[in-house]
Amino acid sequence: MDTSLVKAAEVLAGSRFTLALTGAGISVESGIPDFRSAGGLWARFNPAEYATIEAFRQDPHKVWRMLAEMDRLLVRSRPNPAHLGLAELERLGYLQFVITQNVDNLHQAGGSQRVIEFHGNAATLACLACHAVYSRAEVSNQAVPPKCVCGQVLKPEVIFFGEEIPPPVLAQAHDLVSLARVLLVIGTSAEVAPASMLPRLAKEHGATIVEINPEKTRLTDELTDILLQGRAGEIIPALVAELKRRTTDGWPPVTGCSRSAPRPG
Ligand code: NAD
Ligand code: ZN
C-alpha cells in the first residue's frame, strides 16, 4: 500500500471539514481536454484568444466556433470514477463541499450535492443585452450561434478570462476555504487566478493540502503536504477504498454522532 495514500486517508478520517478544489484535470478521463492536454481543442483554439470576454464582445461568432466544439464534448461526457468517488466521500461524510473551476456539470451528474461552481456552468446561456437566461436544451434547435429573442448572440454562463467571479460565489469560497482542515486539490495547474489563490488561503488558515495530479504543479513544492501523484480516476477510488477499509477494520471508533453533517470549526 502506497504510504502517501494511507497518510491522506488518515488526515481525511481525522478532519472535521474537508473541501475539494477541482480543475479541468478531473474531467480529462471523461474526454474533456484540459488546457495542458496535447492536441485536441485547445491546440486549435488558444484560450488566451478565444476564452476572453473582450473576444466575445468583439466577435461572438468567432468565439462560438470554439464554444460549439466545447459544447459537443460537454453534452456527451459522463462522470468518471473521480467524480463518482468524490460524491461517495460526501455521502460517507468525509467531504463537505466541492469547489470546482469546471463548467461541465460532471460533479452534480456524479452525485455530489454541495458544489460551488466558481466559473459557472455551460448548461445555461445568458443575453448580455437584456439579461434573459436560457437552458442549453431551449436553444439546442437553433443554428450556431444561438440568439436571444432580442436578437443578441447568447453567452454561456461561464466566467471568461477578464470577467469577475460573482462576489457571493467568491465570498462563499473564501469562507469555506478558511474553515477547511483538509483541502484536496485535484486536477488543477493553479495557474488561473483567483481560484489559484484558494490553496494558499486554506494553508494560511491551517489546512493540510492534499494534491492529486499526475504532474507536479506550482503548488507542489510550496504548499502541498501530501502529493498523490497519478490520475484522479485511479487515486480517488483508491482513497475511498482505503477509508472504507479503515472503517470496516474498526477505525475510527464508532461514536454516537453521524459523520454526514457538515461540522465546520
Ligand atoms: P489546467 O488545464 O490549467 O490544468 C489541468 C491540470 O490537471 C494539470 O495540472 C494536469 O497535470 C492535471 N491533470 C491532467 N489529467 C489529469 C488526471 N487524469 N487526473 C488529475 N489531474 C490531471 O486546468 P485548470 O487549472 O482547471 O485551469 C483551466 C481553466 O479552464 C479553469 O478555469 C477551468 O474551469 C477551465 N476549463 C474547464 C474545463 C471543464 O469544465 N471540464 C475544461 C478545460 C478548461
Ligand atoms: Zn436579449
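In case you wondered, yes, glycine gets a Cβ from its N, Cα and C as well.
TrEMBL entries are annotated by machine, without manual review.
From a predicted model like this one, the values you see are computed outputs, not experimental measurements.
Listed in TrEMBL for this protein:
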ACT_SITE  H119  active site, proton acceptor
BINDING   C127, C130, C148, C150  Zn(2+) binding site
DOMAIN    1-246  domain 'Deacetylase sirtuin-type'
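Everything TrEMBL records as a feature, shown here on the structure.
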{"residue": "H119", "record": "active site, proton acceptor", "Cβ neighbours (10 Å)": "19"}
{"residue": "C127", "record": "Zn(2+) binding site", "Cβ neighbours (10 Å)": "18"}
{"residue": "C130", "record": "Zn(2+) binding site", "Cβ neighbours (10 Å)": "11"}
{"residue": "C148", "record": "Zn(2+) binding site", "Cβ neighbours (10 Å)": "20"}
{"residue": "C150", "record": "Zn(2+) binding site", "Cβ neighbours (10 Å)": "10"}
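It is 22 Å from the Cα atom of C148 (Zn(2+) binding site) to that of the residue listed as 'active site, proton acceptor'. Under 6 Å, Cβ to nearest atom of ligand 2: this is the test, and of the recorded positions H119, C148, C150 it is passed by C148, C150. The two recorded residues, the residue listed as 'active site, proton acceptor' and C130 (Zn(2+) binding site), show a Cα separation of 21 Å.
Of the chain residues outside the Zn(2+) site list C127, C130, C148, C150, L128, A129, H131, A132, V149, G151, Q152, L154 have their Cβ within 8 Å of the site's Cβ mean position. H119 (active site, proton acceptor) falls outside any helix or strand according to DSSP and counts as coil. Within the set of binding-site residues C127, C130, C148, C150, no residue has a CB atom less than 6 Å from any atom of ligand 1. Taking the domain 'Deacetylase sirtuin-type' (1-246) as a whole, pLDDT averages 96 in the prediction.
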